[in-house]
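Working notes for the structure below.
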Amino acid sequence: MPDENIFLFVPNLIGYARIVFAIISFYFMPCCPLTASSFYLLSGLLDAFDGHAARALNQGTRFGAMLDMLTDRCSTMCLLVNLALLYPGATLFFQISMSLDVASHWLHLHSSVVRGSESHKMIDLSGNPVLRIYYTSRPALFTLCAGNELFYCLLYLFHFSEGPLVGSVGLFRMGLWVTAPIALLKSLISVIHLITAARNMAALDAADRAKKK
């Protein structure tokens, strides 16, 4: 079999498209909320397709998994930076949210790699029950991730407009009410991510030290 070009696998090509759409979104964020949010959500929507393509074409790779996670983290972080500019009074909240998201996923990924997992989504079934559900139930994973991204996207749109009226309430405001609990739950799971990964790393350190004695 000739050498395969991992960088040109279909899921990775989708990943590159996600990055392009995200950059277009960031470019339009200061001036064109509907255009920016459309490209941002399109980038997020493609996240579901690259996973399906990887499984259907047997093209799952470590590079693809890393690309996927980094795109997710960087996209959310850039949106939160913009929100901090639009809502300066809530800057601390956005800073904490960014830090928690990046730190929890990075430490969880690193601990998974050190333990020998091929992906941060490969969960030891004897581990944390919340993370087990989060990573083994695709509906739960999709709902939490999509709801979290939609919350921040709606918060961005809400700065410019209430949105079309549904009765006497703007659509964007209504969407914020619905997605806020999901975003809060996602943040709590990030805390669990961080604590569980820290405990895993500490256990690995303890095991290594025991071997040296």
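Going from the start of the chain as shown, residues are counted 1 onward.
Even glycines carry a Cβ here, placed using N, Cα and C.
Residues annotated as active site, proton acceptor in Swiss-Prot: ASP72. Per Swiss-Prot, the feature topological domain 'Cytoplasmic' maps to 1-5, 49-73, 117-139, 196-213. The topological domain 'Lumenal' feature in Swiss-Prot is assigned to 161-174. The transmembrane segment annotation in Swiss-Prot covers 6-26, 28-48, 74-94, 96-116, 140-160, 175-195.
Long-range contacts of the topological domain 'Cytoplasmic' (196-213) within its own chain (CB-CB distance under 8 A, at least 6 residues past either end) are made by residues 104, 107-108, 110-111, 114-115, 127-128, 131.
Close to ASP72 (active site, proton acceptor) in the fold, though at least 6 residues off in sequence, lie ASP47, CYS145, each with a CB less than 8 Å from its CB. Between the transmembrane segment (74-94) and the stretches 6-26, 28-48, 140-160, the greatest number of Cβ pairs separated by less than 8 Å involves 140-160. Looking just at the topological domain 'Cytoplasmic' (1-5), the mean pLDDT is 73. Annotation note: ASP72 (active site, proton acceptor) sits in a helical segment as assigned by DSSP.
Sequence-remote contacts of a segment are chain residues at least 6 beyond its ends whose Cβ falls under 8 Å from one of its Cβ atoms, and for the topological domain 'Cytoplasmic' (49-73) they are 6-7, 9-12, 14-15, 18-19, 22, 43, 101-102, 105-106, 109, 118-121, 145. Within the chain, the topological domain 'Lumenal' (161-174) has long-range Cβ neighbours (under 8 A, six or more residues past its boundaries) at 33, 154.
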